[in-house]
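Here's what TrEMBL has on this protein:
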- 1-29: signal peptide (SIGNAL)
- 74-133: domain 'Cadherin' (DOMAIN)
- 134-242: domain 'Cadherin' (DOMAIN)
- 149-169: region 'Disordered' (REGION)
- 243-347: domain 'Cadherin' (DOMAIN)
- 348-452: domain 'Cadherin' (DOMAIN)
- 453-562: domain 'Cadherin' (DOMAIN)
- 642-694: region 'Disordered' (REGION)
């Protein structure tokens with residue numbers, strides 16, 4: 001019962017150990033499989049998809065792949081089943097001839113998850129190799145005086161298989177004089193020796209033919225044979241002796257080819273041919289035989305090919321010294337190869353992105369790197385780095401794998417493409433390094449709104465422009481790229497004089513050109529304010545606005561119109577009116593009363609712009625004037641044939657000349673259908689306030705009471721004025737700038753007075769005609785004579 005309990009305890013411990021090992025392997029993503037060697041290509045190794053929980057769609061899309069160490073890929077991943085299969089026939093003896101347990105490692109990379117899983121596949125041995133001897137025939141020379149029991153080393157058989165399939169036993173057949181002894185070597189190998197079991201007699205037999213057979217433990221067993229020929233010689237009683245039983249040396253792996261590594265020495269006490277010593281390798285591996293050369297005469301061991309610490313770090317040799325009588329001695333040579341920093345780190349890009357969005361969060365994985373260094377110690381310690389100025393950093397992933405991740409947010413407008421250089425350097429002195437360049441393009445995100453070239457725009461557009469005229473062009477730029485940087489323009493909503501803004505102006509969506517859709521009239525619209533919006537092509541779109549001020553520039557596009565008196569109802573007909581104006585009335589207070597109307601009408605003041613910038617009233621009239629109050633003469637009649645003149649006017653320097661003046665208080669607008677005035681005639685010079693004259697301004701309230709005006713088509717120039725008596729005095733206008741010089745006449749008088757719309761001229765004392773103007777400042781409607 002106790003024994004059974006102990007056995008059950010051992011089973012429980014073994015089971016617990018297996019569970020712990022499996023849990024450790026699962027936690028570290030490590031899978032282990034085994035497969036026999038020499039299996040055909042495509043043979044099943046393990047169900048990776050099931051063991052790692054991978055999705056089959058990811059396998060079919062190529063998102064999972066297998067990477068093996070070295071240049072040869074021994075395994076592949078079946079895309080449909082998720083099975084790990086052999087990529088080619090595997091020969092265990094070729095891969096692992098120096099190790100007992102042959103294990104191949106590979107990694108499964110899941111690119112979508114950026115995960116790496118390690119896999120170890122043990123290649124199990126099959127009995128596919130028979131034991132073999134390096135030499136199929138061997139000749140030994142023995143003195144007939146050789147003592148019984150003497151041992152002679154025989155060539156060892158070699159079987160590259162392992163375990164039970166490797167070399168297991170030797171057999172000797174052919175002669176009773178010899179027997180076989182097998183010694184165990186320090187590494188567990190078997191060393192056959194030929195033992196003299198019966199004294200030799202050359203006279204009886206000069207040669208002995210033997211067969212040495214080597215067998216492995218396979219099922220069925222394989223064998224190999226070597227023929228041994230023993231020649232019996234005359235007596236040679238001294239064998240060579242080495243100076244030391246074992247030679248030990250350390251050699252750096254970069255020692256030049258042809259260098260002598262060590263010289264072995266053996267001596268023989270015999271003389272002549274029996275005392276002449278020759279050297280040869282007795283036991284040497286195939287790889288060592290390719291590297292080392294032994295001079296049979298001098299015993300020098302030199303290098304035939306370059307050493308490589310990363311492939312084989314130590315070599316065990318056995319050297320024999322033979323004399324002329326076939327006596328020998330054996331010595332061992334142990335060569336240790338020391339590492340030299342002769343391998344730069346190997347940096348491989350296992351997976352990488354070619355493009356990344358500029359709004360990717362920090363920590364986004366952009367590449368997976370694998371690094372290894374075949375050197376050992378500090379020479380094999382690898383450090384990876386990235387330039388600090390770049391927005392990337394390295395993170396350790398799995399064993400020798402690193403991830404390149406973003407260290408901060410990217411900005412395509414600052415840097416549109418990165419060439420990230422990852423440098424791997426070892427710890428040697430001097431250090432060796434290698435690098436890999438990751439080309440990464442930054443994809444644009446619509447994070448910049450269009451920006452106008454100017455903070456605000458303004459333009460001046462002459463009125464009466466052609467429809468479709470280009471006003472100005474607004475420009476906006478977007479720092480983004482592609483569709484996100486494509487700017488389109490449009491007008492913001494607005495109204496002008498109750499009409500939609502879009503009926504006045506339009507903007508070209510692609511170029512930003514602003515066009516006038518209609519002809520503007522300064523007298524209706526003098527300024528237009530609007531907003532233009534620039535919008536990019538992103539989703540969602542970003543936009544910005546800019547104000548545009550459009551100033552309409554006035555042009556001389558309106559002829560002056562006579563508002564009063566109205567035109568004659570019929571050709572040749574006249575118009576009669578009564579004017580009541582006090583002598584002290586201010587300029588601009590002139591009113592006319594239509595005959596028989598019984599009411600007064602205000603006459604708006606206006607002046608017009610004529611040819612060559614001359615402002616003038618261009619329609620001429622002739623008049624009849626009657627005086628009824630405070631006059632000794634009840635009636636004054638002007639001559640029927642009067643003359644007309646055009647008087648130039650200068651507006652005040654700091655007052656703009658409006659196209660249409662405002663009506664005075666209480667005035668009524670004239671008929672808009674009134675005909676325009678006629679063309680101008682000879683101008684009178686204007687008089688300024690500072691001009692000298694002998695006249696005076698009357699203080700009493702005598703005034704012109706009645707004036708009958710008859711429109712007259714004819715005009716005359718240079719007609720003399722008849723002065724009967726009294727003084728004809730000019731009146732000031734409100735600007736206090738223009739006035740008539742006084743003339744002495746007796747009242748009552750009949751004066752033929754030239755009346756013309758315009759500014760009055762200046763007359764000297766010798767002239768006999770006079771005129772005065774009554775009207776608003778700078779705007780004169782009618783001229784009249786004042787009589788005293």
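Glycine is no exception: its Cβ is also placed from the backbone N, Cα and C atoms.
Same-chain residues lying 6 or more positions outside the region 'Disordered' (149-169) and placing a CB less than 8 Å from one of its CB atoms are 92-93, 97, 100, 102, 125-135, 138, 140, 142, 181-182, 189-196, 212, 214-218, 221-222, 224, 226, 228, 282-283, 330. Within the domain 'Cadherin' (453-562), the DSSP-based counts of helix, strand and coil residues read 7 helix, 50 strand, 53 coil. Counting residue by residue with DSSP, the domain 'Cadherin' (74-133) contains 4 helix, 27 strand, 29 coil. In the region 'Disordered' (149-169), the DSSP tally of helix, strand and coil residues is 3 helix, 8 strand, 10 coil.
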